[in-house]
């Protein structure tokens, strides 16, 4: 790019000067330009195969997907973990603003070529789904605010059960015996996680608060988690019902979701949250203000990262591999809570994480077998690439 711009500048200068007396200088300049272009090509040539190799590497895509989803959960937990934090609507509004701005910038740069122009008719039809999304992401941040990352991740598995039976009722789906086994393991892991968390609060392990305060915090977290399970299921099932009628492509779902939630979140923040100077100072203390703002901006960009990495993983592997990676990814997400935050490490919490991990694997394997039986063949090795927006929204619901 720089070589081309230099060439244009030189051409303009020579046209302005003109005259045969500059013919020798033109030949010299042309030689220099050819030499520099050749040198740039020699330098860039080794890089292209490396980038292409990474782009087609299954391992790189899996690592990128796992890191993006883990970082999203860790950053969300970090932002809402302040002792006086109470601006969840504002935080989610910033996320939506950053994500929408990033999508529009990428469209201008030609990176999102399939993103259609804004359609008010589609926006009106999609708005109810966006309201469900607001409920899902708000209850998610509230649950993450009061619960540890491992407990939050384990309880998030319960959403799978509600969605599965919602599909049975509304879409004529079915639940296999292996899926039922995975549901039992999910419930068992959640019970063990809750028991271990409550016991740790009583014993004062991993909790800086008094026992009564710690227990009330956990109870609030479980209440928000229960609401999040049903809000997430309602959003996923509602989106599945509407998205086919909308004919959305690629990043359309993400674009409309974020754009339409911005005014709702801003209004909710202005109405329900305290915007006094004192409260803002408590939420953004000077010592952590910059890191909080960076985390809020990153969380908005992370939605696009997850979406891209999801599509990348499916493109270079398969949807089956992607599903298994999603199940396996629950383990490092739970472990990240033990590493980065003061989550209690007990026999019960570790057992719950392990059971939750196994239940995810069993459920994924049951879906793989069910799909294989439905097509009447062996397990598929390739699948058409799903919409990146669909994958990102599914990941957002399950992360």
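Cβ atoms are placed via backbone N, Cα and C, with glycine included.
In TrEMBL, the feature transmembrane segment is placed on 154-172, out of the ranges 135-153, 154-172, 325-343, 344-362. As stated in TrEMBL, the feature transmembrane segment covers range 179-202 out of the listed 179-202, 371-394. Only residues 6 or more beyond the boundaries of the transmembrane segment (222-243), in the same chain, are considered here, and those with a CB under 8 A from a CB of the stretch are 125-126, 128-129, 132-133, 135-136, 139-140, 142-143, 145-147, 152, 155-156, 158-159, 162-163, 166-167, 170-171, 194, 253, 390, 393-394, 397.
Remote same-chain partners of the transmembrane segment (154-172), defined as residues 6 or more beyond its termini with a Cβ less than 8 Å from a stretch Cβ, comprise 143, 147, 179, 182-183, 186-187, 189-190, 193, 222, 225, 228-230, 232-233, 236-237, 240-241, 330, 334, 352-353, 356, 359-360, 363, 397-399. With a threshold of 8 Å between CB atoms, the same-chain residues lying at least 6 positions outside the transmembrane segment (255-272) that come near it are 87, 89-90, 92-93, 95-97, 99-100, 103, 115, 118, 122-123, 126-127, 129-131, 133-134, 137, 248, 303, 389, 393. Away from its own ends, the transmembrane segment (85-105) comes close to residues 79, 112, 115, 134, 137-138, 141-142, 145, 251, 254-255, 258-259, 261-262, 265-266, 268-269, 272-274, 279, 283, 296-297, 299-301, 303-304 of its chain (Cβ-Cβ under 8 Å, at least six residues beyond either end).
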